[in-house]
Structures are given as structure tokens and as C-alpha cells.
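Chemist: What follows is a structure written as C-alpha cells; I'll ask about it next.
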């Protein structure tokens, strides 16, 4: 089974720099595990590795697509797995670096994913009719009757997920929650998590936003705002939508910058919650441990010798 290392953690903790250091120590190449770094038109708000950093170590799935293209998690997984195969084919270590937990999870494990068209086709029309006639609450209650465990994990308002779960139950005759629990491992992976004191992370987030503003984030956000027609994924990215009220003349720039810092701190908290609940992570503190990168490199080398 192919060995893969993932380096995860909250925004601004230092994943990119540490991943590059580890890649240089252990002859690896990096696959971005970030849902927004794939887009070539946005660089500042997505905190991509710099051109100089990318020249040091080869990066995959950075600047690979336009914001005007549809790019689903399934597309990401397909391209990332291809990149892992390419890296392994060169005898190098594939290193996933990123903070989008669901994307990393989907990549490392055999999660059942479909593109938008496949997902739409997999929905039972009878449940769509039921939803239209009775609403999200009634739909969720039907799911709760048939599969309480699945219902616990799906918000009442998320009709799309309720539809999918009920459709799977109707089609297979089995519980949706049981099928989700049977997700298989795709790779032999080691997940390294970076984290530190909450206030230290929050301070780094605030500093990063200030540096992004100096680097031209406002103009990048203006580009996104001016192309907001449609359903482009980047419209929902933290770092851009917070400035929309400013461009619309509804809020001051200072207010929007503060909103971005707040949104980024909340996102960091959600990232940590996901990684702690969904993935087997070994945690390290790069902000207080000056030997962190060396300790991680030693741990990876030990793990590389293990058989699975």
C-alpha cells in the first residue's frame, strides 16, 4: 500500500513552510490539500506557497484551474491521486499539505464521492417530490425514522444531504450510516498535525491578514467581487466575501478587515474540530518547539520502515 504523509492544522500555523522543510529533508514533493489554492487567479487570500518556495520543492494542485471552472471535491481527489501516483513513481515521498479537512479525508480514504451531475442523478425522484410537498423538516423526520444515526449527523436544513441519505437507503435497503462507517483506507498514511496555544494562533492570523492587506488582498478581493455572478466556489472563500460590503458601499474597510480576522479565527477553530474528530492525527507544536521539524522528520522515517 502506498505510503503518504499529510501535514494538517489550522490556518496560519505554518503548514506550508514545515511541509517544504520536511520535503527537502526526506526527498518528497507536495500536493496541496487546500480547496482554494487550486485556483490560479487568487494567490494572496489563499496563502499559497510563494514562487520561490514552489521552486524549492515541486507542488501539485496549485494554480491548476481557473476560478471560472467547476471544481468539485471529486475532481480534487481524482487529480490529487494522480499526483500521488506521479510522485511515488519517481521514488519520492508524497506529502499532502493543507487545511481543508474534508478534502484531505476524501483523498486519503475511499469516501463515496460524485460530481454534481452524478449526485443529482443518484437522488430518488420520489424523495424530491416528498421534499417539495412537505419541506425539509418532514424530510429529515423520515430520515430519522429510517436511520436515526444518519439523522444525528445531518442538519434539518441540509435537504441535499437528507435526500442523498434517503435515496441510498431506498436504493440499497441498508442503513446510510452503516455504509458511511465502512469507508476503507486508500493509502498507508501518517497524519502530522500542527497546532499551538489558541491565542498564539489567533495572533498569527491577525498578523497574516495585515500582511495580506499590504500585499494587495483588497484588489484580489475586488476581482472576485466583480466576477461574483454565477456559483463560483471562490465566492464563498474566507478572505474575499468579507470585503463585499465594502465594495457595495455598505461598510468601512476597517470593519471588513476586522470581519476577515474574526472569520479566520472561527475557521481555525472549525478546522481543529474536524481534524480531531475525523482523522487520526499526531500533534506537534511548531511555534514553541524549535526542533519540531527534526522530530517530525524522525517520526516519518520511523513510520516509513513500518509494514502495513
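Cβ from N, Cα, C; glycine included.
Okay, so Swiss-Prot annotates it like this:
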type	residues	note
BINDING	9, 10, 11, 12, 13, 14, 15, 16	ATP binding site
BINDING	11, 12, 13, 14, 15, 16	substrate binding site
REGION	34-37	region 'Interaction with substrate tRNA'
SITE	100	site 'Interaction with substrate tRNA'
Chemist: Of all the binding-site residues given, namely 11, 12, 13, 14, 16, which is spatially nearest to residue 100 (site 'Interaction with substrate tRNA') at the Cα level?
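Modeler: Result for residue 100 (site 'Interaction with substrate tRNA'): the nearest of the binding-site residues is 11.
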Chemist: Quiz question: given the binding-site residues 12, 13, which has the greatest number of C-beta atoms lying within 10 angstroms of its own C-beta?
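Modeler: It comes out as 13.
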Chemist: Counting across all protein chains shown, how many other Cβ atoms sit within 10 Å of the Cβ of residue 9 (ATP binding site)?
Modeler: 26
Chemist: Give the number of CB atoms, excluding that of residue 100 (site 'Interaction with substrate tRNA') itself, located within 10 Å of its CB.
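Modeler: Its Cβ shell of radius 10 Å holds 20 other Cβ atoms.
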Chemist: Enumerate the residues of the same chain, 11, 12, 13, 14, 15, 16 excluded, that satisfy the criterion Cβ within 8 A of the mean position of the Cβ atoms of the recorded substrate site; list them in sequence order.
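Modeler: Checked against the 8 Å cutoff, the neighbours are 9, 10, 17, 47, 99, 194, 204.
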Chemist: Fewest other CB within 10 angstroms, which one of the binding-site residues 11, 16?
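Modeler: Among the binding-site residues 11, 16, the sparsest Cβ neighbourhood within 10 Å belongs to 11.
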Chemist: Sort out the sequence-distant neighbours of residue 15 (ATP binding site) for me: same chain, 6+ apart, CB within less than 8 Å of its CB, listed by position.
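Modeler: Long-range Cβ contacts: 7, 8, 9, 97, 98, 99, 194.
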Chemist: Looking at the region 'Interaction with substrate tRNA' (34-37) alone, can you tell me the average pLDDT?
Modeler: 93
Chemist: Work through the binding-site residues one by one (10, 14) and point out the residue whose CB has the fewest other CB atoms within 10 angstroms.
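Modeler: Comparing Cβ neighbours within 10 Å for the binding-site residues 10, 14, 14 has the fewest.
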Chemist: Hey, for the ATP site built from 9, 10, 11, 12, 13, 14, 15, 16, who else sits with CB inside 8 A of the CB center?
Modeler: 99, 194, 201
Chemist: Using DSSP and collapsing to three states, where does residue 11 (ATP binding site) fall: helix, strand or coil?
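Modeler: Note: residue 11 (ATP binding site) is coil by DSSP, not helix or strand.
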Chemist: What is the three-state DSSP composition of the region 'Interaction with substrate tRNA' (34-37), stated as helix, strand and coil residue counts?
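Modeler: For the region 'Interaction with substrate tRNA' (34-37), the helix, strand and coil counts are 0 helix, 0 strand, 4 coil.
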Chemist: For residue 16 (ATP binding site), what is the secondary structure state per DSSP, taken as helix, strand or coil?
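Modeler: Where residue 16 (ATP binding site) sits, the three-state DSSP reduction gives helix.
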